[in-house]
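According to Swiss-Prot, the feature transmembrane segment maps to 59-79, 110-130, 145-165, 173-193, 219-239, 256-276, 287-307, 345-365, 374-394, 402-422, 429-449, an assignment based on sequence analysis.
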Amino acid sequence: MNGETPDASHPQQSRAELTLAALGVVYGDIGTSPLYAVKETFNPAHGIPLVTENILGGISAILWALMVVVSLKYVILIMRANNRGEGGIMALLALALSSVKKVGRSPTPILLVGLFGAALFYGDAVLTPAMSVLSALEGIEVGTTALQPYVLPASVGVLIALFLFQRHGTAAIGALFGPVTIVWFLALAAAGIHGIARYPAILGALSPLHALGFVTQHGFASFAVLGAVLLAFTGAEALYADMGHFGSAPIRLAWFGLVFPALALNYLGQGALIIVNAKAIENPFYLLYPSWALYPMVALATAATVIASQATISGAYSLTKQGIQLGYLPRMNVVHTSERAIGQIYIPTLNGMLLVAVLVAVLGFGSSSNLASAYGVAVTGTMLVTTLLTFFVIHYGWRYNLLLSLVATGFFIAVDMAFVSSSLLKVAEGGWFPLVVGAGIFVVMLTWVRGRQALLERLQSTDVPLKSFLDSLFLAPPPRVPGTAVFLTPTPDVVPHALMHNLNHNRVLHERVVFLTVKMKDVPSVPATECAAVEPLGHACYRITLRFGFMNRPDVAQALGALPPAAGLEFDIMDTSFFLSREAIVAAAGGPSGMASWRERLFATMSRNAGNAADYFNIPANRVIEIGTQIKI
């Protein structure tokens, strides 16, 4: 396939350094799955006896799920479908939409599917910290039941501290993530080898025949077990989502060189332990270690789960930023916590909402076993959407025929469907929680997209063509005042409403006038040579278009200051006034938006509380003049 692109350029870092960094960020979530995956796979509620053949089959199912879903689907297929080196469901959605538009197909169904997959990720972002931290701290119950009442308060304390720390950024402690994660995977491998030595026949689980026999022998019961097996590959989406940070080669090297072998050894070791001692099913992960290592492992597991949670939280920030810049979410205040790494961001509004949702999940479900029922729905749903979007990229973007596109993705779609179906069996037991979170975010995104369309249509109904307006204006030109006026407008060919209001009320025009349009492209970044386009309109008026990718920081002040001399414009920001329109949305029953009245009110609320455009575009507040307009939709 021809979708592979070279790794992102990291001239200051070697492949070894990138691989070490990827271990801490990419593999934190999937690396902590041994804490609960085996325990939940053999949960007595499934009604499958703990006999040797069943244990071999269950462990084999876990190993081959990792092989098929992670090694084959993500590492070999999905990571090729990158958007100029950038991964993640928003980047893939943008790529799929552009691929479909090129051949004249309607993008609406793909947009709906992609946004739903992105919405489900937020359910995962809520459950991952809750599940991971709870399962780590539950290890202290293995040592003594006297500490059991403190597990929940300790988990709440760790999570609150984690979210409160977000505003400081991860630059200071991020360097520790890789080394700590290496120690974690080595500890997984060592314990696994120790367990295998107690029952070497567990190596028979490496054969897929045991997994197939397990599924065929137990029928519907084994189908329900798949809902627990999928816990072994939660976090696989991170391999794709973090491609832009590390490149595909370091991520693949870390997976095949350390992560997959360590996970396989640990799962085999836990299986051997259960065969030797069936009572170990209470907590096979911690019971795999000698008693003297229990509390050090609880501490190490807590550190590993905090790292996993941090990676998920950072992923939610990144997804939200991309969603804002692609126009799927309202503007929020995005704080850059590092001067050197543009990807290290903090979104206060999202952080607060995530913290509340995570605490609700922890206190509401109370244990990792209860959370396990809720965990799988969001993960498998997002994975299915990723595979579907990849099909559209292969077929429409890479121009492979339908048969080859189905051959490449059909098997993985079937596997994803099986896991989605098995996780839906647990909707009543807790699977409803991420579905409610995802549905809520989905409605918010759809409402914002439709509301912005309705607003633009409403504004266009009163638009005046810019060219003809300027021609008539300068037949009897208004007085000119010193300085530069920049009018931000989403439509470069029409007169900005802020200019009309300025002329009506002040009856003057600056000596230099710029009509500025900022366009967000469906690519990760826009080369500096293509960022700005300047068009003289006469009478010292100019039309400027700035282009940014969804991974760029839309810094208008910097972009204007960096205009090449050939453009004929030099900007002194302190001698420039920026005129912005701010629409006050009024929800009107039976308005032109076509939305239900409650959605119109929701859009009006989101619009009213959206982040300030001046802050978002990094325009100095003391150079901004904001003009309000009331609009009914």
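Cβ coordinates come from backbone N, Cα and C, glycine included.
145-165 is the stretch from 59-79, 145-165, 219-239, 287-307 with the greatest number of Cβ pairs below 8 Å to the transmembrane segment (345-365).
Only sequence-distant pairs (6 or more apart) were considered; of these, at least three Cβ pairs between the transmembrane segment (287-307) and the transmembrane segment (173-193) are under 8 A, so the stretches are in contact. Against the transmembrane segment (145-165), stretch 110-130 has more CB pairs under 8 A than any other of 110-130, 173-193, 374-394, 429-449. With respect to Cβ pairs under 8 Å, the transmembrane segment (256-276) is most closely packed against 59-79, considering the stretches 59-79, 110-130, 219-239, 374-394. Against the transmembrane segment (402-422), stretch 374-394 shows more Cβ pairs under 8 Å than any other of 110-130, 219-239, 374-394. Sequence-distant contacts of the transmembrane segment (219-239) (same chain, six or more residues past either end, CB-CB distance under 8 Å): 25-34, 36-37, 40-41, 43, 46-48, 57-58, 61-62, 65-66, 69-70, 74-75, 78-79, 89, 121, 124, 128, 251, 255, 263, 267, 308, 311-312, 315, 372-373, 375-376, 379-380, 382-383, 386, 418-419, 421-423, 425-426.
Within the same chain, residues 1, 3, 69, 73, 77-78, 81, 89, 92-93, 95-96, 99-100, 110, 113-114, 116-118, 120-121, 123-124, 127, 131, 227-228, 230-231, 233-234, 236-237, 240, 361, 365, 400, 404-406, 408-409, 412-413, 416-417, 419-420, 422-424, 426-427, 429-435, 437-438 sit at least 6 positions outside the transmembrane segment (374-394) and bring their C-beta atoms closer than 8 Å to a C-beta of that stretch.
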